[in-house]
Amino acid sequence: MNEYGCNVCNEEYSARDPLKCPRVLTGCGHTICHNCAISIAGRNSSIFCPFDRTATQIPGGDLQNLKKNFALLELLEKIADGGGLLEKSGEVVKFDRYSKERLLNLECDEDSEHVAVIYCTVCDSNLCERCSESTHSTNVLSKHRRIPLTEKPPPLVHCRLHSSYVVEFVCKELSCDTESPLMCMMCRDYGRHKGHSHVLIEKEVEDLREKVREHLGELSKQSETIGNALHSIDSVIHELTPGQEDGSLEETRQEVRNHFRRLRTALDRDEEDAVETVDRYARNRVESLQTQKERLEAISSKIGNTCTTLQKALIMERGKILDRKDDLLALAESTAAEPTAVLDQSQLSTRIAFSFLNDRKLHIGDFIESRVVLLGLDGAGKTSIVRRLKKVQMDTVMAPHPTIGFNIETIHYKNYRLNFWDVGGLPKLRHLWKHYYSNAQAIFYVIDGYAVERFSEAIKELNRVMSDPLVGTCPVIVAVNRKDGYALNGHMDALLSQLEALPFQHHFHCCDAATGSGIDQIIDQITVCLSRLNGTCPV
């Protein structure tokens, strides 16, 4: 707050805002704003001064009837109208009516060490106050019209062909092939631009300046976006730079070391290998981010240079700015067209994803290979499920013929690369199943939910597979493939009872190969089981 504000709320007084109007407490003479008077008085018929507690009666019970501090209001209006500043010199208050002109910092034409604040319209000269008085002290010169420098009219541009005429128009004729679009009245009525469409030079200049302002606004936003991106990149680089105690890299290194300290002494070598893996990953990330940073810095520098050029263009004379119209607009448009895509939040994450498997090796950012065998009777929908996972079109999801032999499809899910082995389910092929599930990490067994009469056969084959010692601790997911909303009446309960009676653990799901419903949940269950089996550390 300056010295012209309310000492209660520290807000400046205003002649335009009713709530900031200065009100005089007649009981003591102090002044507060109208808004503070409302807060202090409440519904009372009197108001107590917040400075000396003197009571002032509110005329008619309405705070609007409290006297305004007109002296202060008049002073505020003078400051607003004149654009000047009030300065205290000892006990004397001095009003500077040329404060705006001083900000221009133009040299006085009489004395270059002085700052010009006045313009003489007759002499066409910029003068300081002292030189203005000294040079116009005679009776004749004192009649010259002198105005504040901020009110100086723009310089007139004279026609190149008719030097005694002032340029007043700009040619807008598309077929005009003259050197300059600027025209005076002679050019318009009798010269090269006769009959051409045209506009006033003031309008053309203002339109051009408006376009420049729009480009400046857009470029400022782009510059701000790039600035934020650079700040984020610097933050991530700081987090991933070795030696930064508060960085994510150091936190990850410490977690890795803590893990290996809990292991036997023989794991020391593996610990150092793991730390090197983290460092190498961080170096690669930093190199990639440095490349992105350099690209954005180059664009930011170009935008800054363009903005500087456009800012200078705004204060050019009319003729000069119009002469450079095409160059200015081309520069602004080419700079605005620069790609300013920034990294998304996932690319700026400082977390380092890692996991430990049974081989005691640290894995970062690589997919874990896993073999999943799909088993089931012929026609159960195994191939349709795999094709649905591969995003095959709807009309080709359902396989018209049973699988002869096997198909292999690879699905990427989370940090796993799941190799699905779709094995044929014809009776003559079932004795070959053991050659596929013997090396499997998971078994996905599919039952046709429409073939109720084959439920017992499907359960029998599943029990035969799980009784094989080759299966071992391999997780089993059992899925009933049926259409959503398809009623099995009491057959589903019977199927669940048979599954619960099996002497091994399994995970039960329902899915629809035609629509893909429920398949994502099954794949998620498979990866959860694989993570438990592998002893993967949570990321």
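Along the chain as shown, residues are numbered 1 onward.
Note: Cβ is positioned from N, Cα and C throughout, glycine not excepted.
Under the heading GTP binding site, Swiss-Prot lists 376-383, 422-426, 481-484, citing similarity to another entry as support. According to its DSSP assignment, Lys483 (GTP binding site) is coil.
As annotated by Swiss-Prot, region 'ARF-like' applies to 369-539.
The zinc finger annotation in Swiss-Prot covers 6-53 (among others) and rests on sequence analysis.
Swiss-Prot lists 103-149 (among others) with the feature zinc finger, giving sequence analysis as the kind of evidence.
Each residue in the zinc finger (103-149) has a pLDDT score, and their mean in this model is 90. Of all the binding-site residues given, namely Gly376, Gly379, the one with the smallest number of surrounding CB atoms inside 10 A is Gly379. Sequence-distant neighbours of Lys483 (GTP binding site) (same chain, six or more apart, CB under 8 Å from its CB) are Gly449, Tyr450, Asp512, Ala514, Thr515, listed in sequence order.
Residue counts of the zinc finger (103-149) by helix, strand and coil are 13 helix, 11 strand, 23 coil (DSSP-based). For Lys382 (GTP binding site), the same-chain residues that are 6 or more apart in sequence and have a Cβ closer than 8 Å to its Cβ are Leu374, Leu375, Gly376, Thr403, Asp422, Val423, Gly425, Val446.
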